[in-house]
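Provided herewith is a single structure, encoded as structure tokens, for subsequent inquiry.
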Amino acid sequence: MRYLLAIPALAALAALPMVFGDYGTGLLVGLAGYVTLVTSWAMFSGPTRYISLATVAFFGVGAYTVAVLNEVLPYPLVLLCAAGIGATMALLVGLSTLRLAGIYFVIFSFGLAELVRQLITWFEVNVTGTLGRYIFLDLEAKHIYWQLLALGAATLVLSAWIRRSRLGLALRVIGDDETVAAHSGINLARTKLVLFVVSATIITLVGAIQAPRWVYVEPSIVFNPTVSFLTVIMALLGGATRLWGPLCGAVPLFLLFEWLSARFPDHFSILLGLMFMAVVYALPDGVLAAIEKVRHRGNGTSATKPAKEASA
Amino acid sequence: MSVLLETQGLTKRFGGLTAVNGVSLTVRRGEVLGLLGPNGSGKTTLMNLISGALKSSEGALLINGKDMTGSAPHRIAKAGVARTFQLVKILPSLTLEENVMVPAAFGPEGLWGRALKVQVAECLDMVGLTSRAGQQASELTYIDQKRLELARALASAPKLLLLDEWLAGLNPTELHEGIRLIRELEQTGITIIMVEHIMDAVRALCPRCAVMNSGTLIADGPTVEVLSDPHVVAAYLGEEDA
Ligand SMILES: Nc1ncnc2c1ncn2[C@@H]1O[C@H](COP(=O)(O)OP(=O)(O)OP(=O)(O)O)[C@@H](O)[C@H]1O
Ligand SMILES: [Mg+2]
């Protein structure tokens, strides 16, 4: 039943560019991009509670792959290459870092984006002798939006499927207690690695699909750390452990940031930081959990504890 | 009876401290072995070595005739070893049902679907938690958490069950109930190693006993003989439970 409802909903979303003008379609691209980024980020970080700041490392690699290959290969193959490179990079990074404890992982993941950016810059300057590339692809904003919409929908479906699968159960157990997980027969390293690679591959694809919007690309543009931070705030606001949480966080925050960056371009970073603290402080489990909590209180069903205390 | 577990000179050092020192132990299928010793004598560390939570500094670990020295805990779990923890560990954000599901799904049997449901129901029933299957585990009282932990350990249908002071902290009625539960388990032919300080429970449940002191095995044999061994009595001198 609910799956059938998804078809008209998707069709309506796909028709939006016809209703909105160019500016509106541009917003839709950004929105669909962030919803997909945040949903795929939460796929790994939600249940495992590893806060990854590597989002832009993969996103940027996706975009850069398109910048390098767009004149060499047909577009579908370019996307395939981007996905392959993202997955390989995630595999290597995952193998070397997923044994780290939470806090070290955060720092490493942040450093990774910077490292990749410096490597590409060095390579472009010293080997190819060019810094900055052009993307000439005959893709309008609405084409990009449709691709992101399809990827976003696929990501949600995948996310829902993982939740019901063995893998989803394993991830929730790992999030609760790694010792119990291991002694129950769960291969910690492999489970985390699989999810990290899947999540990072989708993130890479978002970067690749969005790249043609820039036309001109250089490392400092595509490896902007704000992307990583925004992704985390959006996921935390919506609730990273819920299927629809990322979407609920990404939509309002994206629109808010869009408005803020137009209105207060000089103070954007400060506002971003304040927002981050406000979200973590006021809604540590996201809006969906908070709404549920208020509802429970309203119904007087205090016997069932809200999710927050349960996971503490 | 065939040998299920064999440790050969198992040793674990933490820096300068040797917590387990050259322990060689053989456990046959269907045996129930009590592991005794004063506080800090290395009992939990030995359990951690057997379950793979810790890697031994020296020595070998054979499970079911297979060398599993240095194996990761999930491999040992898959080989049929289940355990409870001295400080009870439940999965707080999961329901009771889901808690028990985990080792059944990921352990040696790898159940899913209907078979998994049946197994989970059976294990919850065994410890008397059926009526609370859908509740979140964080809501349980201490004794019920212990019950849940036992149900979870049993859900993988283990060959070897490691209980680390599972009876500790229970009141007399609960203790009685706990002893009855373990005796029921024994009837199923499962192999158990239980660390225990409560001597009445050891006498009631364990035909065989091993005693550790400062990391070394100082006695191993029929419970009645071991408990009257002068070395064991000396090791326990001043211990409140002895
Ligand atoms: N991870 C660790 N790091 C350092 N030392 C440890 C570690 N685990 C245990 N020890 C030490 O090893 C020794 C044996 O500890 P263990 O927990 O095995 O004793 P035990 O026999 O289980 O005691 P109890 O009856 O109190 O549970 C103790 O001195 C303890 O402090
Ligand atoms: Mg102990």
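Cβ coordinates are placed from backbone N, Cα and C, and glycine is handled just like the others.
Annotations in TrEMBL come from automatic prediction, not curation.
The structure displayed is predicted, hence computed values, not measured ones.
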Of A:23-42, A:143-162, which range does TrEMBL call transmembrane segment?
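Spelled out, TrEMBL records transmembrane segment over residues A:143-162, not the other listed ranges.
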Residue list, the transmembrane segment (A:102-123) vs rest of chain: Cβ under 8 Å, 6 or more residues beyond ends.
49-57, 60-61, 64, 89, 93, 131, 219-220, 223, 225, 228
Looking at the transmembrane segment (A:244-262) and the transmembrane segment (A:193-215), are there 3+ C-beta pairs under 8 A, with each pair at least 6 apart in sequence?
no
By a Cβ-Cβ criterion of under 8 Å, what residues six or more beyond either terminus of the transmembrane segment (A:193-215) are in contact with it?
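Sequence-remote neighbours of the transmembrane segment (A:193-215) are 26, 29, 33, 36-37, 40-41, 43-45, 47-48, 54-55, 58-67, 70, 78-79, 82-83, 85-87, 89-91, 93-95, 98, 134-137, 139, 141, 144, 147-148, 151, 155, 158, 162, 167, 171, 221-222.
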Residues sitting near the transmembrane segment (A:51-69): Cβ under 8 Å, six or more positions beyond its termini, same chain?
37, 41, 44-45, 77-79, 81-82, 85-86, 89-90, 93, 102, 105-106, 109-110, 112-113, 115-117, 120, 133-135, 137, 200-201, 203-212, 214, 217, 219, 222-229, 231-232
Excluding the flanking five residues on each side, which residues at least 6 beyond the ends of the transmembrane segment (A:268-291) place their CB within less than 8 Å of a CB in that stretch?
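Long-range Cβ neighbours of the transmembrane segment (A:268-291): 226, 229-230, 232-233, 236-242, 244-245, 248-249, 253, 257, 260-261, 306-308, 311.
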